[in-house]
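The feature substrate binding site is assigned by Swiss-Prot to Tyr52, Tyr79. Under the heading NADP(+) binding site, Swiss-Prot lists 164-167, Lys190, Tyr206, Asn230, 252-258, 282-284, Asn332.
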Amino acid sequence: MTTNKQVIFKDHVSGFPKESDFNFTTTTVELRVPEGSKSVLVKNLYLSCDPYMRSRMGKPDPSSALAQAYAPGKPIYGYGVSRVIESGHPDYKKGDLLWGIVGWEEYSVITPMAHMHFKIQHTDVPLSYYTGLLGMPGMTAYAGFYEVCSPKKGETVYVSAASGAVGQLVGQFAKMMGCYVVGSAGSKEKVDLLKTKFGFDDAFNYKEESDLSAALKRCFPKGIDMYFENVGGKMLDAVLLNMNPHGRIAVCGMISQYNLENQEGVHNLSNIIYKRIRIQGFVVADFYDKYPKFLELVLPRIKEGKITYVEDVADGLEKAPEALVGLFHGKNVGKQVVVIARE
């Protein structure tokens, strides 16, 4: 038996989440799994803060095809990196590392499931990368860019929220394909990162642009072939005016809308017809069968320094609520990670 610190979800949220929507508590856990079960006891090392988690904070919505609401009074959960302490599962043994869905706590008891938990085979890269670059956000970038957008060399690519966990990798994939890529972000520091660290051809601070369509026209005088959508709202409206005929839009997220009581409408949808634009929403879970192919692409390039990644690290489980809430105010620079234990 040992103590187990946890981040508890207090109650369903409307509007922007606050740190006060969570409790920090300490309970106890037995360091063993029930005899005969296929459960695995893990020690959580790193936690991932992701925008999709906001969709789980509202009241349960029977009409939702995806998000299952967090239960008040229970630990919230998300992607993390963990070490196996004890296992009743045939595929995992003590000492194994994995990434996947775990509770926001020091120790979790999980039942590993395909496409929800992945054994870590490559440990010659930072383990924290499996919360981002080599985990769900990395696979999201890969699926949206290669599988949904079907890119071609020489095409033009626009990425919103481009300095985040997904966007920074989409931009690098685009450059690897020989595309012209522009990103937007919400601060000078982030814009500079896009151009100096991630190799974007151009970037702009959307907060300093009074006319988003004009900003896109400036960056894409010949139009946009592919848009990796992370924002929604006014940005999507402006993009539709600047898309080329037969352009493709991969809809990954709409972070500008998640905390609004009434979501903003999009007014330029007729462009989809006249320009024959293909818009496709996607969920990364539909593409996890391609994870080995994804690793074959990115692992060598990480080791060769051809792919780089920026993390914003919060130390300690007690910092997790602040880190998660900050995500929705643009406070993170790069992938937001919470370190529980460094091993």
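Our numbering is plain: 1 for the first residue shown, then up by one each step along the chain.
Cβ from N, Cα, C; glycine included.
Locations of recorded Swiss-Prot features on the structure.
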residue : record                 : contacts (Cβ under 8 Å, 6+ apart)
Tyr79   : substrate binding site : Leu47, Ser48, Asp50, Trp99, Gly100, Ile101, Val102, Thr131, Gly135, Met136
Gly164  : NADP(+) binding site   : Asn230, Asn332, Gly334, Lys335
Gly167  : NADP(+) binding site   : Ala141, Val159, Ser160, Ala161, Gly183, Phe228, Asn230
Met254  : NADP(+) binding site   : Glu229, Asn230, Val231, Gly232, Gly233, Leu236
Gln257  : NADP(+) binding site   : Gly232, Gly233, Gln263, Glu264
State the count of C-beta atoms found within 10 angstroms of the C-beta of Asn230 (NADP(+) binding site), not counting that atom itself.
27
Taking DSSP as the reference, which of helix, strand or coil describes Asn230 (NADP(+) binding site)?
coil
Taking the Cβ of Tyr52 (substrate binding site) as centre, how many other Cβ atoms lie within 10 Å?
18
